[in-house]
Amino acid sequence: MEEARELKRELLRCKQEMRNLQAVKDAQQQRLSSQEASILQMKQELLRAGMTADELNNHNAELQWKLEDCNKMWGECKKEAGQKDRLLQQLKHKRENELQRELERNNISQIPTSTEHNGHSYPGSPAPPMSDAEEVQLLRDSLRSLRNDFRDHDPQHHTLDTLEQGIVSLIDRLHLLHTQRVPAATWKREISKTQRPTRGPRHLAVHRLGEISLRDVKAAVDREGNYRYHFKALDPEFGTVKEEVFLDGAIIPGWEGKIVAWVEEDRGEER
């Protein structure tokens with residue numbers, strides 16, 4: 001009897017131990033499932049990270065290729081800009097040399113000669129040089145053909161503008177120097193050597209610049225025969241130009257506060 005009770009107690013302990021083991025097993029099983037889910041999630045994240053790394057590597061390679069291409073284009077642009085700068089300098093020096101030679105030729109060809117008229121000597125009419133308008137137009141044509149080689153937003157356009165302004169300013173200064181040497185002095189000699197001094201400089205002195213007409217100039221010059229009268233003027237588009245005046249009542253244009261004129265004998269040529 002005592003042995004049977006001992007066996008029952010042992011059986012109860014075994015059942016309790018089995019229940020404890022089953023609980024531990026269930027807990028371990030649940031923990032294992034949770035770990036497997038975590039491992040699966042980590043594998044997915046690792047896969048996504050690998051794909052992102054591949055995309056970044058591809059993007060980095062593409063950016064590297066673009067950078068190399070940009071560096072190559074930058075080198076070509078610098079080389080092209082250097083060539084354009086050298087071309088601009090050559091064009092500038094060539095144009096300055098041409099202007100200098102043209103000025104020297106004009107100085108040689110416009111040495112005044114004397115013609116006899118009623119016992120008085122008058123300076124001969126020199127062949128008119130290339131006008132400033134023609135020189136500026138030739139310059140603009142050359143620069144326009146050069147601009148076509150640049151893109152619309154190329155910074156070299158500013159260099160071309162500066163070059164054009166500098167050359168136009170140089171033309172004006174050279175022409176001013178030339179006119180002060182020859183035409184202005186010729187005009188003074190023509191006025192002072194008229195046959196009727198009472199209608200010479202005194203006749204123009206009572207008029208202000210902007211009120212002198214071609215009739216006044218003809219009266220001051222007082223030459224017999226037909227003559228053509230050219231005057232130095234400032235055009236808003238072409239700069240300094242040589243303008244011919246036909247009508248007696250037309251107002252004579254001034255230039256820098258004075259009148260610069262060329263008087264040529266009219267040989268019946270077409271105007």
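Glycine is treated like the rest: Cβ placed from N, Cα and C.
Residue ranges 90-110, 111-131 are listed, and TrEMBL annotates 111-131 among them as region 'Disordered'. Confidence in the domain 'DIX' (182-267), given as mean pLDDT, stands at 69.
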